[in-house]
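Enquirer: To start, I am sharing the structure in question, which I have written as structure tokens.
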Amino acid sequence: MNPHDLEWLNRIGERKDIMLAVLLLAVVFMMVLPLPPLVLDILIAVNMTISVVLLMIAIYINSPLQFSAFPAVLLVTTLFRLALSVSTTRMILLQADAGQIVYTFGNFVVGGNLIVGIVIFLIITIVQFLVITKGSERVAEVSARFSLDAMPGKQMSIDGDMRAGVIDVNEARERRATIEKESQMFGSMDGAMKFVKGDAIAGLIIIFVNILGGVTIGVTQKGLAAAEALQLYSILTVGDGMVSQVPALLIAITAGIIVTRVSSEDSSDLGSDIGKQVVAQPKAMLIGGVLLLLFGLIPGFPTVTFLILALLVGCGGYMLSRKQSRNDEANQDLQSILTSGSGAPAARTKAKTSGANKGRLGEQEAFAMTVPLLIDVDSSQQEALEAIALNDELVRVRRALYLDLGVPFPGIHLRFNEGMGEGEYIISLQEVPVARGELKAGYLLVRESVSQLELLGIPYEKGEHLLPDQEAFWVSVEYEERLEKSQLEFFSHSQVLTWHLSHVLREYAEDFIGIQETRYLLEQMEGGYGELIKEVQRIVPLQRMTEILQRLVGEDISIRNMRSILEAMVEWGQKEKDVVQLTEYIRSSLKRYICYKYANGNNILPAYLFDQEVEEKIRSGVRQTSAGSYLALEPAVTESLLEQVRKTIGDLSQIQSKPVLIVSMDIRRYVRKLIESEYYGLPVLSYQELTQQINIQPLGRICL
């Protein structure tokens, strides 16, 4: 073969997509076009080869994910097998000849007895259909369900490990991809097992069609005697069934091995795993040897056979037991050296100990970081808080907040605590409580006006204010249907918890942006904006970048538009070194987003304004120091100003269209700091953050 031919073959081998497309087209043509017996023999041999190779792959892979394409392969092989059955059926009925392999298989299995051949075929088919396929199908179904149910918990666990520094960003990304791939694979396997099941049913139908059709054609068209026709076509039919069912059985075994495989960190091939785990229990082998010896003593049983087996199993168990004992003794000796306090290995350890424990390993307290986000719930609420529903709600909240703010919030740890008050829950950040509430058993939380509940005749109990300026009422679950019909908003216990948590996360969002998170966000952008990332890191240090993001998120400004934020850092970073002022310039670069957010997509922005005199008063109270600037108004002026704000704005919860407060850029951050304790939900904007298209709707002017 010349080099040009080899190069051509290499090119074909590289284009696996074309090879698959050609194979699928060939499968379709096999169903339509008649094939000569020689070609059928080749295709049947190929079918068997594929089945054997797939079985070997299933045995030698370390994890099911290493063969994640198996569901698709299962579909292709099933189609190929069915197309082959159609081709052989056509040749059996038309020419009474389906190739040498089919005839040999049939003649060998039938062995001169049609009934025996059919019984053997049925046994193989039933074993495949009822035993292997049915079991594999159930395992795949349960694995798919459990994998999907466990996904939120696994995701939160990965986030928690990443926050705690146990794993880095790349490893977290790999683990998430593995979880997603695992869920998709078992979900696909759940459906793909139906192919194997259907293939077994099709095989049963085809054998009866071939026998009946063959005998009918042989008697009516070919002039054969009924017995002769039955003998001829039964051999061919059973042979056809066997050449189809044997590869199908191998494929079913392959599927069973893959879906029942339990993978772990130290997994190797299936044979090694089984061998390791079997020889790890020498006592079981010793007991098994004794039982085999007892079987050999039963009258009528083949004594010699059972004695030989008992000897082999018993000796194997004894040898493994001796080996295990020697290993245990060696480990104990090593442990005694390590913990002796005077041995050399202990002196070389890095563990720092003191007092009586000096030189002993395992006595030092392990380093443990605080949990970033923790919810303690009264243990009596464990049944009321459905795990799956709560997981779904928590994942939904984290996803929604990420889409709104762009903050990668950590995993949420839920702990049921027996030492809490009835129905009480506490939300903690870094294990410090920041919010608490109460869940009332048998009740739903309703956030509607009293008049609406009274109008519907629904009794209620006043609940505590979960959030400032938001009343809540408890309504018995027996009125749930009436609330639904009246389209009133209500919350289950899981929804109450996640709703309260979402507000807490929004309020403390800046606490979840640190240097590690900033680095993570930059890494996410590096693929598409490499030059921008390089330039911004040259101009703005990572610590300053982190502080800017914290200030933006702290005022409910999303950092998802990282490109615009980084572009603004590059533009203003060299001109302005003060982080606070640099943040103001970046906010002005985000004015289109800010206007859209607070105008609710309209061109009209309801706003309160500060009088010029008030702005000058605040401006004169700003003090500059080496540590930064701050507002130092006299207490009387501060109280007077806050009183005017209260009079002008009033109760924010009673205002339908949420307003903003607009002031000059140089005092905006000081005004925000001044009013946030009482009006946290009132955004403070500067005139530079307004687009030309926005129209201000003045609601009032605040004067002294």
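Any Cβ shown, glycine's included, is placed from N, Cα and C.
Copying in the features that Swiss-Prot gives for the protein in this structure:
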type: TRANSMEM; residues: 18-35; note: transmembrane segment
type: TRANSMEM; residues: 42-61; note: transmembrane segment
type: TRANSMEM; residues: 108-132; note: transmembrane segment
type: TRANSMEM; residues: 200-220; note: transmembrane segment
type: TRANSMEM; residues: 235-259; note: transmembrane segment
type: TRANSMEM; residues: 278-297; note: transmembrane segment
type: TRANSMEM; residues: 304-320; note: transmembrane segment
Enquirer: At a threshold of under 8 Å on Cβ distances, which of 108-132, 200-220, 304-320 pairs most often with the transmembrane segment (235-259)?
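Expert: Per the Cβ count, the answer is 108-132.
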Enquirer: Hey, which bits of the same chain come close to the transmembrane segment (108-132), Cβ under 8 Å, at least six residues off its ends?
Expert: 196-197, 200-201, 203-204, 207, 230-231, 234-235, 238-239, 241-242, 245-246, 248-249, 252-253, 255-256
Enquirer: By Cβ distance under 8 Å, which residues at least 6 away from the ends of the transmembrane segment (42-61) in the same chain are close to it?
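Expert: Long-range Cβ neighbours of the transmembrane segment (42-61): 30, 35, 67, 70, 73, 77, 80-81, 84, 87-88, 99, 101-102, 243, 246-248, 250-251, 253-254, 257-258, 261, 269-271.
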